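Supplied in structure tokens, the structure appears directly below.
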Amino acid sequence: MLDKDLILNDNTCELSQISRHKTHVVEVGKVKIGGNNPVVVQSMALGVHIDADNIKSSAKHYAKEITELARTGSELVRIALNSEEVARAIPYIVEEINKEGFDGKILVGCGQYELDKLVQDYPDNIKMLGKIRINPGNIGFGDKRDEKFERVIEYAIMHDLPVRIGVNWGSLDKYLLQKLMDENSSLSNSRPSDVILRKALVMSALDSAKKAEEIGLNSNKIIISCKVSKVQDLILVYMALAKSSNYALHLGLTEAGMGNKGVVNTAAGLTYLLQNGIGDTIRASLTQRPGESRTNEVVVCQEILQSIGLRHFNPQVNSCPGCGRTSSDRFRILTEEVNGYIKTHMPMWKKKNPGVEHMNIAVMGCIVNGPGESKHANLGISLPGYGEKPVSAVYKNGKYFKTLQGDNVSEEFKAIIDNYVKKHYT
């Protein structure tokens, strides 16, 4: 039998009670990651081919995508440092995004095999970035690996750049993995290979971070990530990282997938970890459909954070899914129009009406749940369902406000929203 007092008094499900894992605070330009700072939304630019003979023009196109991501709400944008041309383009990219009102330090340079050479050949360009990312699995191999890793860390120290040590199971340090696999195979009770793989990921990240500190990089300049593609692996790896260190943690699947699959995988993994206080910055690594903007990965991250109450970005619209009681598409159309209205007006509201992002709006399709849901929102509207009178009841702050009817319900309700925002968020 259920304990009624436990149900009534237990506060463990209060979103405000999420206890964040204690991590070092890392400053990336004006953005603070870790500690009790808000979880930061990141994205990665797809990028463009940089024409060696027309660097400035190519940089302008690259900056356009970066600006679009930043304007959507990406607080940091990663770019691939994969060629000399990209390194040469950095000053022009920074110049272009500055023109649009964004700080060049939102840029995170992601280097792989070529990173060591690029920081040596273009030191003044790369120091314009806010952070660099090192993959311990492919910065170098054999005897060259430690040497190249050390040079990049020394460069970061010299220019006061934070570093994300980003381990990826698709490019994991093969020597470390082989060593652990050999050790495991010699045991009488050997563990499954996926357990060893997760262990290798965590060890690679923590050993690399420790090595960076030994070289002289402060712990408040280090962020760690361990990217995998399976949700359960992601959860287990990050729980181990959180248990073993206080480095700031970047969350994300390495390849989440396309469409609903990618969104669901990302939400499932990140929500569990964030709800348990793990994670200081996040990215949704979604495969976009051809021609589709990458801004969707920013929106997904924002929706995840807002859904669990960690951050608020836009007014929340709760809407009816529809059923046999709903008699038309009016509630669907109104929901779409309200969402569009919010999207159009948020840039202005953010400047003039602070706190509007906490607003809740309900758009319901019949009398069964319509009034009740509407009363839980700041503003709610209950449209008529099958067999109901052709009127729409509007509720404000939990109380009946007025009834709308006729052909202008949408415009009248949007006007009510606008008036509410102006009156309550100043």
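Cβ atoms are placed via backbone N, Cα and C, with glycine included.
Residues annotated as [4Fe-4S] cluster binding site in Swiss-Prot, with sequence analysis given as evidence: C320, C323, C366, E373.
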Return the single residue from the binding-site residues list (C320, C323, C366) that has the minimum number of other CB atoms within 10 Å.
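Comparing Cβ neighbours within 10 Å for the binding-site residues C320, C323, C366, C323 has the fewest.
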Determine, from DSSP, whether E373 ([4Fe-4S] cluster binding site) sits in helix, strand or coil.
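DSSP call for E373 ([4Fe-4S] cluster binding site): helix.
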Would you list the other residues of this chain near [4Fe-4S] cluster - those whose C-beta lies within 8 angstroms of the C-beta centroid of C320, C323, C366, E373 - in sequence order?
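Near the [4Fe-4S] cluster site, the remaining chain residues are P321, G322, R325, T326, F331, M364, G365, V368, N369, G370, G385.
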May I ask which residues of the same chain, at least 6 positions away in sequence, place their Cβ under 8 angstroms from the Cβ of E373 ([4Fe-4S] cluster binding site)?
N318, C320, A362, M364, G380, S382
